[in-house]
C-alpha cells in the first residue's frame, strides 16, 4: 500500500506521521510506501521543524532526513490513501481532486474527522500531537495487518 500524510507546511504533523507509519510498517513487516506533503509551499525543501525532529527522536523515530514538498494532483495517481491532519487540509486536497475516485482516497487521520492540532505555535503541543498521530497510525497499521 502507498500512503501519503498531508498537513499545512509538511514540517510538523505530516513528517511525524510519515516517520511513525514507516516505523510501524517496518515493525509489522508491511511492504508499504509512506510519504508526506504539505498543502502550502512555504517550506518546500526544508527539513522538519526542529521541535518535531526532537520529539520524534525522543520516541525513537528519525525524521531528520525528510524534506518538505507540496501536495500535487499527481499524488492521487501515486498513492492509495491520503491522510489529512485537519479540515483545512481536507478541503485543500479535495480542491485538486479530478474525480470521485480521487476524493475517495482522502481521509482524516483521526477518527470521527477530528483535527490533529497544529503544534507550530505551541512547543508544549509536540508531545501530545506525537501521541495522537502515533495512536492513529497504529490503528491503521493494525487494521491492515
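Backbone N, Cα and C atoms are what each Cβ position is placed from, and that goes for glycine too.
According to TrEMBL, the feature active site, nucleophile maps to 7, 13. Taken from TrEMBL, the feature active site, proton donor covers 118. Marked as domain 'Phosphotyrosine protein phosphatase I' by TrEMBL: 1-143.
The domain 'Phosphotyrosine protein phosphatase I' (1-143): residue composition by secondary structure is 70 helix, 20 strand, 53 coil, according to DSSP. Each of the active-site residues 7, 13 was scored by how many other Cβ atoms lie within 10 Å of its Cβ, and the smallest score goes to 7. Between the alpha carbons (Cα) of the residue listed as 'active site, proton donor' and residue 13 (active site, nucleophile) lies a span of roughly 7 Å.
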